[in-house]
Amino acid sequence: NLKEKTQWEHPKSGKRKRVAGGLPYGWEQETDENGQVYFVDHINKRTTYLDPRLAFTVEDNPVKPTTRQKYDGNSTAMEILQGRDLSGKVVIITGANSGIGFETAKSLALHGAHVILACRNTSRGSDAVQRILAEWHKAKVEAMTLDLASLQSVQHFAEAFKSKNLPLHILICNAAVFGAPWCLTEDELESTFQVNHLGHFYLVQLLEDVLRRSSPARVVVVSSESHRFTEIKDSSGKLDFNLLSPSKKDYWAMLAYNRSKLCNILFSNELNRRLSPHGVTSNSVHPGNMIYSSIHRNWWVYTLLFTLARPFTKSMVDDEFYIIENWLPLTLLIVSHA
């Protein structure tokens, strides 16, 4: 009996504590041949009859939480998701084979969600799946091919997903290119604009009916604070379509990226206005300043700058996450309705 092994009442304050929430990451509950419950730690390869949640007991009469933010820039995804059970939730994450997308996919999968990694490179997507399964063999995770630079590929992905007859509770539009040289996609559009914005825009439209049927559901669009440093209107204040998909002579990689991120936010805001009455919310997020990832790989100058800044950036090696635009961590957005 756990109560016999645990001091539940403080001798001076009289406060009582109890076990609550799910098992910590990496732990599973099993039953031996005598019918006694024991716990297995798959990370450290150990077995115990003592409930590991005893280390995270909560008060029976907890005090009212303060207004101070519970999480900050040092919080990890695993900390935020501690005790959450996302079993039954279906998640699609674009660009999930590396960087922030991979850390997001891994964290959600390790907490029970069925996660689909939507990746352009099939081989890298499969490798990412194996890396997650290596941490927890029971994770529900799979890779599907999605090339945002091809509207036909986006359509094929949506059709393939719908053929699975799954719900869709969370769609995270994460994939992006940064510092890419000018080129046109097969759809005759500038690649940064199409990959970062238009491909995701089309994907959401194709999956809107599934999201509405799965409500409460959520769309999370990964944008950037750099959206503040550009404009998509002409001198008369009207939308200038030439700025969205510029010609080669008018192209500057940084501006193209900033404009695509501004489009992300405008799209997310309007999507939330239209779909929130139907149980589908949408939020755009800023992934945090100075996060080292592979997004800079397209040009050696950016790679050099990111490398020099790396000692001052936040690491994703330990699942350290990022902050939503001036409000909450992205993980909180994802799980707040789960």
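Any Cβ shown, glycine's included, is placed from N, Cα and C.
What TrEMBL annotates here:
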COMPBIAS  1-12  compositional bias 'Basic and acidic residues'
DOMAIN    21-54  domain 'WW'
REGION    1-21  region 'Disordered'
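Confidence in the domain 'WW' (21-54), given as mean pLDDT, stands at 85. Secondary structure of the domain 'WW' (21-54), assigned with DSSP and counted as helix (H, G, I), strand (E, B) and coil, comes to 3 helix, 13 strand, 18 coil.
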